[in-house]
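Notes to accompany the following structure.
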Number of protein chains: 4
Amino acid sequence: MTEIGIIAVGGYNEMGRNMTAIRVDEDIIILDMGLRLDRVQIHEDVEIDKMHSLELINMGAIPDDTIMKDVNGNVRAIVCTHGHLDHIGAIPKLAHRYSAPIISTPYTTALIKHQIDSERKFGVKNNLISMKAGETYEITKDVSVEFINTQHSIIDTVFAVIHTPKGAIMYACDFKLDRTPTLGEAPDFNRLKSLGEEGVIALITESTNSGRSGKAPSEQIAHDLVKDVLLGTEESDVGMIITTFASHISRLNSIISFAKEMGRIPILLGRSMDRYMSTAKELGYVDLPGNVEIYGQRREVEKALEKVMRGGKNKYLPIVTGHQGEPGSILIRIANGDLPYIIEPGDKIVFSANVIPNPLTRANRYALETKLRMKGARIYDNVHVSGHAYREDHWELLRMVKPEHVIPAHGTIEMHAAYIEMAEDAGYVLGDTLHLLRNGEELYIEE
Amino acid sequence: MTEIGIIAVGGYNEMGRNMTAIRVDEDIIILDMGLRLDRVQIHEDVEIDKMHSLELINMGAIPDDTIMKDVNGNVRAIVCTHGHLDHIGAIPKLAHRYSAPIISTPYTTALIKHQIDSERKFGVKNNLISMKAGETYEITKDVSVEFINTQHSIIDTVFAVIHTPKGAIMYACDFKLDRTPTLGEAPDFNRLKSLGEEGVIALITESTNSGRSGKAPSEQIAHDLVKDVLLGTEESDVGMIITTFASHISRLNSIISFAKEMGRIPILLGRSMDRYMSTAKELGYVDLPGNVEIYGQRREVEKALEKVMRGGKNKYLPIVTGHQGEPGSILIRIANGDLPYIIEPGDKIVFSANVIPNPLTRANRYALETKLRMKGARIYDNVHVSGHAYREDHWELLRMVKPEHVIPAHGTIEMHAAYIEMAEDAGYVLGDTLHLLRNGEELYIEE
Amino acid sequence: MTEIGIIAVGGYNEMGRNMTAIRVDEDIIILDMGLRLDRVQIHEDVEIDKMHSLELINMGAIPDDTIMKDVNGNVRAIVCTHGHLDHIGAIPKLAHRYSAPIISTPYTTALIKHQIDSERKFGVKNNLISMKAGETYEITKDVSVEFINTQHSIIDTVFAVIHTPKGAIMYACDFKLDRTPTLGEAPDFNRLKSLGEEGVIALITESTNSGRSGKAPSEQIAHDLVKDVLLGTEESDVGMIITTFASHISRLNSIISFAKEMGRIPILLGRSMDRYMSTAKELGYVDLPGNVEIYGQRREVEKALEKVMRGGKNKYLPIVTGHQGEPGSILIRIANGDLPYIIEPGDKIVFSANVIPNPLTRANRYALETKLRMKGARIYDNVHVSGHAYREDHWELLRMVKPEHVIPAHGTIEMHAAYIEMAEDAGYVLGDTLHLLRNGEELYIEE
Amino acid sequence: MTEIGIIAVGGYNEMGRNMTAIRVDEDIIILDMGLRLDRVQIHEDVEIDKMHSLELINMGAIPDDTIMKDVNGNVRAIVCTHGHLDHIGAIPKLAHRYSAPIISTPYTTALIKHQIDSERKFGVKNNLISMKAGETYEITKDVSVEFINTQHSIIDTVFAVIHTPKGAIMYACDFKLDRTPTLGEAPDFNRLKSLGEEGVIALITESTNSGRSGKAPSEQIAHDLVKDVLLGTEESDVGMIITTFASHISRLNSIISFAKEMGRIPILLGRSMDRYMSTAKELGYVDLPGNVEIYGQRREVEKALEKVMRGGKNKYLPIVTGHQGEPGSILIRIANGDLPYIIEPGDKIVFSANVIPNPLTRANRYALETKLRMKGARIYDNVHVSGHAYREDHWELLRMVKPEHVIPAHGTIEMHAAYIEMAEDAGYVLGDTLHLLRNGEELYIEE
């Protein structure tokens, strides 16, 4: 008899710092090692890259993996399903404790490499294994991991499936069932259904948006909304700036294509904008038009904006960091007058992003918008759709995959509560086939 | 010197019961005569069609046009800009008091006719004049009304422009600057700009959504959202019902086209569904596929649903009334088990509508959804976009039309407040060129 | 070894229809049998008193006690902790199935009697046993129930403690740790602490307001708020009406005392006002001044209001039903003009109640307030404090009673989630000593 | 004929930076000169005390009094009605431009002095005139100012009445009709009524809480709430800290009295706590018990907290700054571990304050509470009542004073909108007797 344990390390009591461990007898696979940024942001003058992991654990910023010493087994692999910080951000602080390779898709691997390179406290030397969606990696002779293509707000996101002698365990954090993505392929529904036929022991799934009714709008909707804002105006001669998530390559790709239709030169500005997009380009995920300019360094950014002001604001479309009003981002520096782009009355600022629902980001956004409005900017807010599955997406996934057990993850207890009510509709029973785990807890499944 | 008066009759203190009068010396043009339904709904067992106008005025349900007796002049025309009840619903109660024709677009005229025919208290004999967008009607030798095409959540909506010897007065209640409509043409931006060049004395404009940032999403977005819900599912074999505004012909047209792609027969059910769509079809606004079925009468509806149940729920797409949970509507009767359509677990109910933000509609919707969920229905809510301009749409209209005076209408004082703040950004000054009117007040403009 | 089972029958997935069963080996004690009114209210023309229990179970209106047949044991007693409908309202429908006495405090017993007498479908013949706070009743030779005094928004509320050979199980639904109650005694903190010393196996507790920070304000606060509204005005000569929960005897007692200070005669109006207050008076819970008048019958109410109108509205203080805008209540009938009390501009209507957070009650209240405002009434809303413990009250109870196991009850999963987070702060571990139960589930505790 | 002008200088479009000028022919009285703190807070590293007024005007932080140069007349007096920063905070930046005395109550005058002394950019040499409630000062032979006692969240608050040859103009920003204040006298209702009889030309009144239904709870309610939190606990042996507005002397006075009942020594900590309370004590507004300790200086605070830790946290009640999580305040420094007070699990932190509804304060409070909770603190939030009149208080004031004209001030347009709807109920007509002013506008009243 194989004993399977599902260990909720982090991200079960909160958003961020995601980490789950799956134990198949004595072989352990870790899924994700994420960072909870807002637990860092409540402190002033914190430099994460120099901090020790225990300090970050005490701050609630990274998963408390000290509990792993009580788990009976050895870590054989660390698997990351996409490149967002709440999934890979704790790797520099925690991965070196485990002599195990880190397996992820090519784009995610490149971002993990960057994380490791930026770390100044720990030296992370784990082997990095890059694997595409559709492929499978043998971790031990009995245990393998398969990547199934899905969609999310970052490219190269996958479902991870841990195959064991007794059946599969699927990890679906984070995903969106987008049938009309603007970059990459739709989720592999055929494989999901065949997996469901083969038999899934457990599904570990994000619960983030399970409280929202209906289904998450396709990225195509965001594409069209952004297009309408950028092109559908009788005042096309003004200064226009757009800001979005630097890691949202498909969104950026759309925006760059609209710049062409607008007859404007797209200029990506900001350190993270440079990193995410240049990496995507190098790996061949996007094919940028020749006139795109990308500047990450402070001095380059300044020169680029000087050029824009000289050449005419109506000839360029700056695509910048700062959608949450982050201190040091391009947009807040423009708003503060610290960069040579002058906002004039009637200029349009497009936020192709939601406001992250946290008092700290709300405050930053408020300060940013207030400053922009005082200069006369016109604000287009929330020109965006979410990258997380809604309630009916979860319903459909559950019925395709038909797991024996379901564990909501990646959310607060309120988010899990919404998932539980949905899963009960689908016939699952809390405490029997549906499990509410808290950080630090191990669920035993005997097969 | 011509004296112009703008009289706020109704809809300046509230949503609904819209009515404005424009006085050009002693010639008066009335714009809209609407009904505030929620003031009727707070009472039980009220039959509007049998009620006297004074009673409805006291209930706050229709505009208090008794103030018109203090206005110095004669009513020369009643102009209605579209066919929603909050614009035409008081015609059966008030229009007969004025010996003036009612001027509106063809579809609106047809709906007004139906209103008049349904009235059981008053006999309304005003001449009905039908005029298309782009045309102008001479009301007196000095005063004419022009219709300019626009978009809204009902077809054949126009801006009305009253031309006077001193310049134009534009009435923009309700509208949406939709550049990619799914039925009809985009607003006539060229004419709006030329009007702005010619000189506009005053703009009377809805303020409804002026508090929402950015611009209203195009109906194309709703089209795509509905399509994705109806077609983007791995469970296409279940019962599916969709409900939307019976008067939203473009939305219905989209839904009917999706039914074809789904391989289902679209069946429109409900009295108002029949009236609005059959009228649109007769007037040539839509070209329906041959297999569409429309049933308004109770017995027909029952037979149609019996046929659906016999033939298989997966072969039909019922398109029904009841998106607000209205008592007597098809969907609530299905939910109550009063119609022969059996909802089974997993059936999908799509609300292509928002919940009207009123405690009464919220209660009806809650009761409806609760009943549907208890039967196992999966709910897709708010698969919809608004038909009202947002803040930046208002900003653009204001700058295109460049009126000397602006008067927010069609909303509560909070909505007007949002409009005022936007208009101040555009240089207007409250009390000077920007006016907050209350029901019953006349604004004098001397030119 | 004694096996203890805690069976979540109703009220664990929702507010209302509370019912818990505690099994001590094969002896079962039922705690509360409540009604969920809003599941009745979503239907039109439902007459509960004539309905069968299975129908009400299917509607989700009463606990689904059909699961009790799978529980191994015999029901020895039904215990009700206070007289609110969500605790006693299902007795007429369910109690007759069990040959067990119903044990409750004297006031609760009187209300249960009334429930049974009003029932027209079932004959309930269970023995009614009345027991005061501080007393203990032997149910079997091994199992007894103790009542501990507490406070809530109805008089004679108790904590119930089931004493077993292995220790106590405490049931704390509903309560408030009010140290300055206006009627009755403060909770018996000494007994709670000694109970904690003796050893409590499990605490079953309401979670309703566990999401609210701090502690619930004392009823003394409501007392002072009401007093200030009634007496602290420069317009004391106008008509004044106050409405509150008919079962809230301490609040009513306060209001009656203020009437004296105002120099007005207090008149309680409404069927339920009559029932609850007359019962409280007969049992000696309140000592009313001689000039109080109470009228429950329709004709009496009309005559009383005629007298008020004749004598002068400023000489009386009508204390009426209708705080939620309930159809048929006194206040909505006054607002509708169906009763001979004329509301004039400037009259004050005081709601000494919150709006129950349900779309149906919100709609009723909205309709009521709209009608009152249209007559010129001045509204004093939410002159009230809650009767349910807040987060820190729960914290203190938990630390006084120190149970081995904690089970949140009487709430939605979101409310339980808030409780769980608090209990985790106090050292409890979900799935180990802290349990999230769903309706129909039995928790086994082996001692 | 006397011409009266009411000039809305600041605080008519926003909360904060209040300033109104009343012109009686060519004599001008300025009422209040306030600071809008949140317009400063959106910038980093701003030192107000060194900034020029024009810069602060451009930031929207102080009233734009440059419009005063277009007003025909001379400023004869500056009157401040209470000592909050949004009423006196701009005096150091603006008052020196006017050769006019500053008239205020004694406590307000002391606070103004402190403002002037702290200023490092401008030298303010205006004569400071101290006058008690109930007194009148002759500004010119025709114009005088009378102070009428009222209540607010700071002691020594008054209504100011400008008496002119044609009647009185009353300025009621800010106030609360508290009949049971805990310090000072209730508002002088007799004088208000006699003033109403004499004839009031115009009432300029705050609209802040006019959207809240009913009446503002008395400070007595806050007194009782705080008492219940501090004394009503079974865990009285833990560390307890309370924070409230440093300027809220009556609240602080209550807290100090509870410390005695708790058997704890009250220690007031924080620079502003020291300033406001020491000033109040010196002027005789409060009579503190002998054991109260007050420390404002950093080193004193540290020593005091060291003493507390040595002596036992349960022997002291620190009363500290930091209720909004302000950087540098005592409570955030304790939460950050920057002060020698150790928070342990179960310690109680009482916020006798609301969260100021601004994203920046919300963010600070969130960071503060998160840090406190992570140390195990139990939070008691919002143990507080507002100091601003609610809707029915405004209604009563309006009917007592019976002004010919009403002008809502001290709020956003949404707050004014709420006031307008109330005033319309009282018979006022917008644009005729009820006026919505915007910053920079002058209202002419001819008498």
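One-based numbering along the chain as shown.
Cβ atoms here come from the backbone N, Cα and C positions, even for glycine.
Fair warning: this is a prediction, and the values are worked out from it, not measured in the lab.
In TrEMBL, the Zn(2+) 2 site is described by B:ASP86, B:HIS87, B:ASP174, and among B:HIS394, B:HIS405, B:HIS410 the residue recorded at this site is B:HIS410.
Of the residues proposed, B:HIS52, B:HIS114, B:HIS152, the one TrEMBL records at the same Zn(2+) 1 site as B:HIS82, B:HIS84, B:ASP174 is B:HIS152. Summed and averaged per residue, pLDDT over the domain 'Metallo-beta-lactamase' (B:16-223) gives 96. The Zn(2+) 2 site is defined by B:ASP86, B:HIS87, B:ASP174, B:HIS410, and by the 8 Å test on Cβ atoms against their centroid, the other residues of the chain that qualify are B:GLY11, B:GLY16, B:ASN18, B:ASP32, B:GLY34, B:THR81, B:HIS82, B:HIS84, B:CYS173, B:GLU206. For B:ASP174 (Zn(2+) 1 binding site), the count of additional Cβ atoms within 10 Å of its Cβ stands at 27 [all protein chains shown]. Comparing CA positions across the binding-site residues B:ASP86, B:HIS87, B:VAL385, B:SER386, B:HIS410, the one lying closest to B:HIS152 (Zn(2+) 1 binding site) turns out to be B:SER386. When Cβ neighbours within 10 Å are tallied across all protein chains shown, the highest count among the binding-site residues B:HIS388, B:HIS410 belongs to B:HIS410.
B:VAL385 (substrate binding site) and B:HIS410 (Zn(2+) 2 binding site) have their C-alpha atoms 19 Å apart, to the nearest angstrom. Cβ-based neighbour count (10 Å, all protein chains) for B:ASP86 (Zn(2+) 2 binding site) stands at 23. In this structure, the binding-site residues under consideration are B:HIS82, B:HIS87, and the one with the smallest number of other Cβ atoms within 10 Å of its Cβ is B:HIS82.
Of all the Cβ atoms in the protein chains shown, 17 others lie within 10 Å of the Cβ of B:SER386 (substrate binding site).
Of all the binding-site residues listed (B:HIS152, B:HIS384), B:HIS384 has the fewest other CB atoms within 10 A of its CB. Apart from B:HIS82, B:HIS84, B:HIS152, B:ASP174, the residues listed for Zn(2+) 1, the same chain places the Cβ atoms of B:THR81, B:GLY83, B:HIS87, B:SER153, B:ILE154, B:THR157, B:CYS173, B:PHE175, B:GLY387 within 8 Å of the centroid of those Cβ atoms.
On the backbone, the CA of B:ASP86 (Zn(2+) 2 binding site) and the CA of B:ASP174 (Zn(2+) 1 binding site) stand 10 Å apart. In the three-state DSSP scheme, B:HIS87 (Zn(2+) 2 binding site) is classed as helix. Its Cβ taken as reference, B:GLY387 (substrate binding site) is surrounded by 25 other Cβ atoms within 10 Å in the chains shown. Counting only same-chain residues six or more apart in sequence, the Cβ atoms lying under 8 angstroms from the Cβ of B:HIS84 (Zn(2+) 1 binding site) belong to B:GLY34, B:SER153, B:ILE154, B:ASP174, B:SER247.
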